[in-house]
Amino acid sequence: MASGVQVADEVCRIFYDMKVRKCSTPEEIKKRKKAVIFCLSADKKCIVVEEGKEILVGDVGATITDPFKHFVGMLPEKDCRYALYDASFETKESRKEELMFFLWAPEQAPLKSKMIYASSKDAIKKKFPGIKHEYQANGPEDLNRTCIAEKLGGSLIVAFEGSPV
């Protein structure tokens with residue numbers, strides 16, 4: 001079901017910047033986004049970047065000790081959101097970083113909001129080619145490390161964001 005909602009150019013630019021890892025200086029790496037939250041504009045016609053709802057790679061270890069916990073804390077309790085999260089995890093063989101796309105639709109969100117976000121999900125996903133991991137979370141219990149590790153590769157995952165699972 002299409003909603004007719006558009007996706008802002010800035011959303012596409014942020015996705016591209018997060019997906020493409022070009023050789024960068026240490027300062028440029030610190031400015032790269034670790035997580036970004038997107039919301040609907042006030043008129044509900046466009047998906048935009050939510051002001052102030054991002055984590056920069058340079059914040060991790062400096063002002064943010066647990067980036068995933070901080071990311072979960074940025075999600076509203078009673079409304080829906082989309083998000084991109086640059087997940088760092090380890091398998092038994094190697095260390096990996098992959099983008100995850102989230103639809104956050106908590107139980108307490110208004111029904112109309114859930115319907116608009118669900119019906120607009122395809123519009124934003126089409127702007128994010130190559131996303132390997134898509135996840136819908138309906139409450140904080142869906143966003144624990146075990147659930148995310150399962151989504152990323154199940155028993156092959158030994159650590160997520162530096163913490164054992």
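Placement of Cβ uses the backbone N, Cα and C atoms for every residue, glycine included.
Ranges compared are 30-34, 75-79, 90-94, and Swiss-Prot records motif 'Nuclear localization signal' for 30-34. In sequence order, Leu99, Gly130 are the residues of the chain that are 6 or more apart from Lys19 (N6-acetyllysine) and have a CB within less than 8 Å of its CB.
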